[in-house]
């Protein structure tokens, strides 16, 4: 892909070209380290409470594979498209960054729509935050992830809009890079949610 | 982008507005110190009331209900709102100077961290006027902390600590990045002063420990405000989860507190012994090892919970292991003093007082680490004596040492030595008088958190002496405040009042806003001392004199924190309009910060030289 003429002065790996950019990237990795502990604590809580249904619906009765599989497929695809955006960033191609991020955002919205549908459905089945310890743990863990997805969508849209005016610079490049990093992180968290919450919740009855 | 602002004039701000908008680490340090100091006085006042209540048997000075609020708020305030901010004050004031940096990595985030802490603490303390303070203990164990057993105060605890904790977390990240990325040329990791090393490890602990309490507080908030069942055994909840989450945070927190004190003591002892710190590499190793082991021992707070013999054994052994690196440190300090030209200004008095006091606290810690013995000590005054020996005798002594040592650098004024010595001796004697008898009160069976005791059980004398000791600490604290006021009119501090060894003493007191006119070149450990021994007047610069780029002041950190402060009340009173307004303010500020780039401003070369001459 040819380098856009307006970006001719932009250095390679523009996200790391300034000390501010380097600081942001390091700081963000550290932040993700903290987020790992955050989700780790939520997972531990969920695992401890997932069989405590208190007479309410169990995970085996609730979970529906096609819906969750579709959500997983959508989110993992969006992870790939966010990588494409980073690749476009390294080619200094703002147009392709915008294209890939738009696809990422649309997939993210699709995922979120499925999750909201899923939650509404569960509430109708009598599975609420106040039903049981399982209900509290489920909505907190999965909801925390959903909240992260929603924040990511808003953040990426904001970056996209402001980049229309600002272009791709050594100031905006780290922001795109970090948004992509963040998006990856919440996808990785989802892989664990899919495994621990849904797959483990669908097999067998009581475990351990 | 810096290129846009080459000749933008420096923004002129004065008075209150300057302090509300500052992003300068040195001013943020002073803000942390003032706010932490005020909360320290509040927590100290609560302690005074607690001890007055316990001065005589069957006393009714405050009564049982208020007593519970006082012990809860005393612990919470002291840990989260008093000593943590004073630690952050010293880290802010000193770490960038010690590594030869012009500022921290994220000046804006630094200011945000302060204001989040401040408004979180304020929210928590408004509980006194809004239906009563939290009364479930600073550990806020469930089910006691659930709605059935505790009033609205615990909501203030949950939301106040959540907001303050966010501030601490981003502060930790900021210092990690600052220390990794902003060191001056030649300042390798193994040339960093011990206080910077301690701040580095402490920041790492903050990063990995605070999210656990964040989750714990979220769960408790859901249970209390939104009908969750995490800790409600009737609906399948499990109260032990709170204990785990609290202590997975809470035990590293102990090391978050004490490691900076270790760093301060290392600096002070070395400076006033006129010797290089003995065993620097082993000191670094011990600090990192304590940080690592600090995450492996949380369940020693839960020996009596019933985790089983295997778990108790492992956690007991891991706890005892920490005594090894801690012992290394104590011997290193002693050997630093050995053969040194020791002088005893107030800073060094605190440091030398720290060593035996902390060792006593460490020793009772090892006693508590033995699970069968812990069954006897648990929830008794022995535990109270232990943790006050490490936190007051250890950490607070360390903080006073640091304040007397770095006060000239922070404020450009020398603290009065005579008052300082009175401050030290009254506080030191008062401290031991207060807490030494508590070991024996505990062994004689006095439980902690009980608002009174009966006559004729041999507890009268110990409690009476303990209360008398508090007056000593109170006088000591007042003398410190007097000292601050007196010193404001006192002698101006020179750049290097203690014949220091590290980079902060190479620049004027107080430092100019850009710290270093030219970034220094570091040629070894104790960088300034090396230059002194080589006969040089100052550091060799690593760069030519030039314009210095500075970040712009901003009001957004203040507003962002106010937003969360408002939203906190909305959550507590189930008023979602208020929640939305508060969150809109916060997210609006985040939006503004993201969209509007900060061009910063430049301090011109001529201006730097002019200021340099003046100082």
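Using the three backbone atoms N, Cα and C, a Cβ is placed for every residue, glycine included.
TrEMBL entries are annotated by machine, without manual review.
For the ranges B:7-28, B:29-50, the feature annotated in TrEMBL as transmembrane segment maps to B:29-50. Looking at the stretches B:461-482, B:483-504, the one that TrEMBL records under the feature transmembrane segment is B:461-482. Note on TrEMBL: of B:131-154, B:347-370, the range annotated with the feature transmembrane segment is B:347-370. Spatially, the transmembrane segment (B:277-298) is adjacent to the transmembrane segment (B:194-222); three or more Cβ-Cβ distances between them are under 8 Å for residues at least 6 apart in sequence. Counting residues 6+ beyond its ends, the transmembrane segment (B:194-222) has Cβ neighbours under 8 Å at 87, 90-91, 94-95, 98-99, 140, 142, 145, 154-155, 158-159, 161-162, 165-166, 168-169, 171-176, 179, 228, 230-231, 241-242, 245-246, 248-250, 252-253, 255-256, 259-260, 262-264, 266-267, 270, 277, 280, 283-284, 287-288, 290-291, 294-295, 402, 571 in the same chain.
Proximity of distant same-chain residues to the transmembrane segment (B:554-571), defined by a Cβ-Cβ separation under 8 Å and at least 6 residues beyond the stretch ends, is recorded for 20-21, 23, 108, 111-112, 114-116, 118-120, 122-123, 155, 159-160, 162-163, 166-167, 221, 225, 577-590, 592-593, 598. Sequence-distant contacts of the transmembrane segment (B:156-182), counting only residues of its own chain at least 6 positions beyond either end whose CB sits under 8 Å from a CB of the stretch, comprise 72, 76, 80-81, 84, 88, 91, 95-96, 99, 101, 104-106, 109-110, 112-127, 130, 133-134, 136, 140, 145, 192, 196, 199-200, 202-207, 210-211, 213-214, 217-218, 220-221, 224, 561, 564-565, 568, 571-572. Here the transmembrane segment (B:382-407) has Cβ contacts under 8 Å with residues 78-79, 83, 86-87, 90, 93-94, 195, 254, 257-258, 260-262, 264-265, 267-268, 271, 345-348, 350-351, 353-354, 357-358, 360-362, 364-365, 367-368, 413-415, 420, 423-424, 427-428, 431-432, 434-436, 438-439, 441-443, 448, 473, 480, 487, 493, 498, 504 of the same chain, all six or more residues outside its ends.
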